[in-house]
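The annotation N-linked glycosylation site is assigned in Swiss-Prot to 187, 200, 417. Positions annotated as phosphothreonine by Swiss-Prot: 14. Positions annotated as topological domain 'Cytoplasmic' by Swiss-Prot: 1-33, 337-364, 462-504, 585-599, 660-711. What Swiss-Prot lists as topological domain 'Extracellular' is 55-232, 278-315, 386-440, 526-563, 621-638, and the listing cites sequence analysis. Per Swiss-Prot, the feature transmembrane segment maps to 34-54, 233-253, 257-277, 316-336, 365-385, 441-461, 505-525, 564-584, 600-620, 639-659.
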């Protein structure tokens, strides 16, 4: 083994040599990767310019309000349609046309109305003044009864027939319902089309389906939004509970690291065990109930997730998943029991480091605030870009007009050649688009918007990692702790990172952002190719997605350790990444023993907090806690606040545990350097604590013997 060490070190770089002047993070350093810093500043200026252009041309009202045939918004304050919030279709049957799928607009006149029609009435039968006044509100604005019936219907001034309707996503759709298996509107199974003929209700269904198909996602979003409006208060309470649990756990970990780790392990096993028991009880309870034996495949996708909870197969699937997870965790604990003891020692040392630099626990709030700014700017820019198209008008005709679907100008159309050749044609609003250079560049601007979001978000995360690494490295390389600790180590590390290493952070974030935007493009292409039958293309796409996923994980790992070296030595990104990689390769056994085991333990801690808060949220929002069952709000989908609480709890727990994770990684890298620089003698003493030295060196020796035995 001894003969192989020179070759091994030569292969993976040269070990650090003893330097009596080295006392931790170097203070006399220079700026690194200045070119990348300039690129970042130029990109930010360009990003601001894109935002200004988007905000100038964009109009979010196009998403919020429906638009009539003249491109005017329904229900918008300050307009003539302020009191007309609903969109009315003259002939809903025309919405069964393929044009709906191509242009997202029905080929029939549409107007804004105060309320949807609530009774049957044809234009032919609206003879009395009372009926005509009612009918007139569904005609085009400014309609005057100075034409014959045939001319009115030909010119599209009024609908041929009014059908009882109800509003759905601010649009009037026929009030269709089933009675004893028969489709009806009101009390009728057929309707008069206004031209003297009677048609079947199924024609209305087809038209409503096509129009409604474009709006189903928006309807789901509206219901989810309604759930948020009535449950946001309780969601915040759930997130506060998650924050309190995370903070309490971290505080206890500071003083009772060993005990808390074992308590965490046992609690995770118990929580999963309870989940298995609860799934089994629900599975048994549904035995014999009507409809509970329907399979998930036969049921298909349902937006109301409560339907799935009435199926035995759902609870069986949950029980199997939790059982597999329980078995995996127990097996890992059995095989990693000795390594867990070593990892606990490292966590104890990390707890002491956090205790001496307590302000590091508040830094995730800074990262959270900066990430919120990035998300808010990206989201608002994306919305304004997507709504910066102009109103496009198309020619619609019921007959065989050769100009159908061609672009037109509503102001000049009545006197145009197209109008003369196709007397029944109409020039009406079709969709939002445009053919200018700006409109052709919208897709590229959206990609740039997404890319800049990834770059800035990764930069914010990198800034946090370098800052925390600098603070914890100052703790490790203090020979007499805490006497040799510098004043305000966190603020000093933050200042050094921004002053000297903005370019290096931008470089690392840029590499990661490029990989992430490629993954987004691959996901987009994969969605477009789903309908294709080319198996080679599908296989190639799957392989590319897998490769770039692995590449992203590797770059994140390398960047994290490179940032630690930047915080300590102040070298540029490439040098830091190379030195960190070689240092890890020279200590590959310790990396496998410690780094991943501590990550596993922290993951269990996150699962414990998320599982506990998630179970509490489930029982609360499903009205299963008797004391407060009347307090829980009524919801369309109770999974909306539950999932929000679960995801939010994980992000909160991850924010707190990320401090510990960065601390462990920094201490581990410093420990590896300490072993190479020093030998534990009085002339070259170790900087690590005696407790950490004893258990880490002992564990490393055991792993080395095991590796030699395997060879």
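Glycine is treated like the rest: Cβ placed from N, Cα and C.
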Checklist entry - Sequence gap of 6 or more, Cβ distance under 8 Å, 3 or more pairs: do the transmembrane segment (505-525) and the transmembrane segment (257-277) meet that? => result no
Item to check | In contact by Cβ distance (the transmembrane segment (639-659), the transmembrane segment (34-54); 3 or more pairs under 8 Å) | outcome: no
Next on the checklist: How about long-range neighbours of the transmembrane segment (365-385): same chain, 6 or more residues beyond its ends, C-beta under 8 Å?
Outcome noted: 50-51, 54-55, 57-60, 63, 442, 445-446, 449-450, 452-453, 456-457, 460-461, 463-464, 655
Checklist entry - Based on Cβ pairs under 8 Å, which of the stretches 233-253, 257-277, 441-461, 564-584, 600-620 lies most in contact with the transmembrane segment (316-336)? => result 257-277
Checklist entry - Which value does the mean pLDDT take for the topological domain 'Cytoplasmic' (1-33) in this predicted structure? => result 64
Item to check | Stretch-level contact, the transmembrane segment (257-277) and the transmembrane segment (600-620), CB cutoff 8 A, at least 3 pairs | outcome: yes
Checklist outcome for this item: Counting only residues at least 6 beyond its ends, the same-chain positions whose CB falls under 8 A of a CB in the topological domain 'Cytoplasmic' (337-364) are 247, 250, 253-255, 257-258, 261, 464, 467-468, 471-472, 474-476, 481-482, 485, 489-490, 593-594, 597-598, 601, 655-656, 658-660, 663-664, 667-668, 688-689, 691-692, 695-696, 699, 702
Item to check | Helix, strand and coil totals (DSSP H, G, I; E, B; other) for the topological domain 'Extracellular' (621-638) | outcome: 4 helix, 0 strand, 14 coil
Next on the checklist: Give the nonlocal contacts of the topological domain 'Extracellular' (526-563) in its own chain as ranges (CB under 8 Å, at least six residues past its ends).
Outcome noted: 462, 465-466, 469, 505, 508, 511-512, 515-516, 518-519, 573, 576-577, 580-581, 583-584, 662, 665, 669
Item to check | For the topological domain 'Cytoplasmic' (462-504), the number of residues DSSP places in helix, strand and coil | outcome: 30 helix, 0 strand, 13 coil
Item to check | Cβ neighbour count within 10 Å of residue 417 (N-linked glycosylation site) | outcome: 8
